[in-house]
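Database features (Swiss-Prot):
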| type | residues | note |
| --- | --- | --- |
| BINDING | 45, 84, 114 | Mg(2+) binding site |
| BINDING | 45, 46, 84, 112 | 3-methyl-2-oxobutanoate binding site |
| ACT_SITE | 181 | active site, proton acceptor |
């Protein structure tokens, strides 16, 4: 199989082919996901909750992400590897440049940042210096305390328009991918149709170009709160690789996410 690049994902979008993404944190799981055909792997700051046992993602450090990026890189041959920029690691463009460089040197193909208009200068600076950027809008977990919890975003007209405007601005600033999380399905589809770059959804309906889930949710091994938008594929298959194949199949056929995993 050919390596997945941002150009591959753009081609998928242009052809109307849905693609899949999962979080990964070590070489063994990454190798399994890669060999089964998951297109994008994310070393997510979700590790703060699913690996480290915290209540949110805020305690995760750049060093944590870099370590797990190196682990995942050793396990993959095909998938595009994105690494999260953790909380307060990109508060200024200069800080973002330093920390993004560390993650790229650890093996990432792209870095992901959460935020809207305030990030435009940073996105442009990174991309102009050879660091591809994936933006993230909607429910941005690093802002959980600003939102007052993990809540659906963009339900009212003003916030929906703001998210759409920010998506367009981030694309213009140079972002090559966009993740939208926990927003109404109709808004996510509008954003996907308005942008040239691929849009990946999580809790955002089936109208996006790709889907991403946390691996612990897909395999039913998350402790504590289980998000409504997640689905335990291991429960219905009984084997990890079969679970991953089922996830890929349902995304490509438009079966997942269904109404049970979507917000209005």
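Residue 1 is the first one shown; counting continues down the chain.
Placed from the backbone N, Cα and C atoms, the Cβ positions cover glycine too.
A quick note: this is a predicted structure, and the numbers were derived from the prediction, not measured.
The 3-methyl-2-oxobutanoate site in the record is lined by 45, 46, 84, 112, and its two most distant CA atoms lie 13 Å apart. Neighbours of the 3-methyl-2-oxobutanoate site: apart from 45, 46, 84, 112, residues of the same chain with C-beta atoms within 8 angstroms of the site's C-beta centroid are 23, 42, 43, 44, 47, 57, 60, 65, 83, 85, 86, 141. For the pair residue 112 (3-methyl-2-oxobutanoate binding site) and residue 84 (Mg(2+) binding site), the Cα-Cα distance reads 5 Å. Here the Cα atom of residue 46 (3-methyl-2-oxobutanoate binding site) is found 13 Å from that of residue 114 (Mg(2+) binding site).
Counted over every protein chain shown, other Cβ atoms within 10 Å are most numerous around 84 among the recorded positions 45, 84, 114, 181. Here the C-alpha separation of residue 84 (Mg(2+) binding site) and residue 181 (active site, proton acceptor) works out to 15 Å. Reduced to three states, the DSSP call for residue 114 (Mg(2+) binding site) is strand. For the recorded site, residue 84 (Mg(2+) binding site), the DSSP three-state label reads strand. In the three-state DSSP scheme, the residue listed as 'active site, proton acceptor' falls into the strand class. Within 10 Å of the C-beta of residue 112 (3-methyl-2-oxobutanoate binding site) there are 24 other C-beta atoms, taking all protein chains into account.
DSSP classifies residue 45 (Mg(2+) binding site) as coil under the three-state reduction. Spacing of residue 181 (active site, proton acceptor) relative to residue 114 (Mg(2+) binding site) is 11 Å (Cα to Cα, whole number).
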